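**Student:** Straight out of TrEMBL:
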type	residues	note
DOMAIN	4-142	domain 'Glycosyltransferase family 28 N-terminal'
BINDING	10, 11, 12, 124, 168, 188, 235, 280	UDP-N-acetyl-alpha-D-glucosamine binding site
DOMAIN	182-311	domain 'Glycosyl transferase family 28 C-terminal'
Ligand SMILES: CC(=O)N[C@H]1[C@@H](OP(=O)(O)OP(=O)(O)OC[C@H]2O[C@@H](n3ccc(=O)[nH]c3=O)[C@H](O)[C@@H]2O)O[C@H](CO)[C@@H](O)[C@@H]1O
């Protein structure tokens, strides 16, 4: 089976695509062409974890917000100019999978026009621009949250399937981080705010153990002086990191919250207030409402407040890992429709 795929820029778009592709490859011999930009996170992760995928780089940039800016005219033209490169890769493909980020747009557009079955996976309650614009060409739109439905055009809603977000469960390497620690990370690109407040906590708190993905080598060096902290630039094996954690301090990107719910890890959520349409705050509120996390707003994120919240989160207790994974449902639907 040949799949054309795109989704990246950030981990929040990349990992759901990998979760679905990895699930598909359990059932069929899979040939993947993965489209990316020279700057996106996928550029580093895809060749390292899936050297068998063909990586096609498209030199495009995302649109600036607000959308109606003169610089965006040039960027849109550049995105559209990639169409011939994409078209040269489409021969023999069974379907196309996009999970958001701006490379998804030209790929989805070319495939939509060529009537190659297009599948969209949207992680957030408020869909991104690429996924929303492509939805009219989609055969199916898999959404992480039911609340996302009303944010798609009425005409495509009958093709939406609420599955939950696909979770990566492979790369399992238990024991690398040990067990019984508080996991700390600030989304796929790290967070200075979380790093700063945690450094102050580490100076005082010596009873808890921490595994901290900093997003930045300078921060890793700074935080490595604490005996009870394992600081890493980036955590490649998140399934193991989740499995050993007793609580997490994190942002509230859609994938982060889907993963913490999947792995049953109680959370201290410090939502990034700058996220489009405030969607991280809404994600965090959802987790707090179902009793699986404590929200600390950025303006209130003092070391004392965050440490108190960590204690409350640990008290919520860990739940068993969920047995079902939306990646499985999505892969089955794609296989049924495309083979
Ligand atoms: C700044 C920004 O654009 N944020 C958006 C981005 O966030 P971001 O890319 O941070 O996405 P998420 O929080 O949704 O997911 C982060 C992903 O990276 C992984 N991870 C993280 C750190 C690490 O060291 N190793 C690692 O593997 C996590 O396990 C998770 O799978 O995409 C999300 C999903 O579309 C949105 O909801 C966020 O608002």
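Even glycines carry a Cβ here, placed using N, Cα and C.
Any TrEMBL annotation is an automated prediction that lacks curation.
Remember, it's a predicted structure, so these values are computed and weren't measured experimentally.
Help me picture where these features are in the structure shown.
**Tutor:** Taken as a whole, the domain 'Glycosyltransferase family 28 N-terminal' (4-142) shows an average pLDDT of 92 in this prediction.
Under DSSP, residue 280 (UDP-N-acetyl-alpha-D-glucosamine binding site) is assigned to a helix (H, G or I) in the three-state scheme.
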**Student:** Of 10, 124, 188, 280, which of the binding-site residues has the most Cβ neighbours inside 10 Å?
**Tutor:** 124
**Student:** Take the Cβ of residue 235 (UDP-N-acetyl-alpha-D-glucosamine binding site) and count every other Cβ within 10 Å, whichever protein chain it belongs to.
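**Tutor:** Neighbour count, Cβ to Cβ under the 10 Å cut-off: 21.
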**Student:** I'd like to know which of the binding-site residues 11, 12 has the most other Cβ atoms within 10 Å of its Cβ.
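**Tutor:** By the 10 Å Cβ neighbour count, 12 comes out on top.
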**Student:** So which of 10, 124, 168, 280, listed as binding-site residues, have a Cβ under 6 Å from an atom of ligand 1?
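**Tutor:** Checked binding-site residues vs ligand 1; flagged 10, 124, 280.
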**Student:** Suppose we draw a 10 Å sphere around the Cβ of residue 168 (UDP-N-acetyl-alpha-D-glucosamine binding site). How many other Cβ atoms does it contain, all chains included?
**Tutor:** 24
**Student:** For the domain 'Glycosyltransferase family 28 N-terminal' (4-142), give the DSSP counts of helix residues, strand residues and coil residues.
**Tutor:** 58 helix, 25 strand, 56 coil
**Student:** Count the residues of the domain 'Glycosyl transferase family 28 C-terminal' (182-311) that DSSP assigns to helix (H, G, I), to strand (E, B) and to coil, and report the three numbers in that order.
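**Tutor:** Taking the domain 'Glycosyl transferase family 28 C-terminal' (182-311) as a whole: 62 helix, 24 strand, 44 coil.
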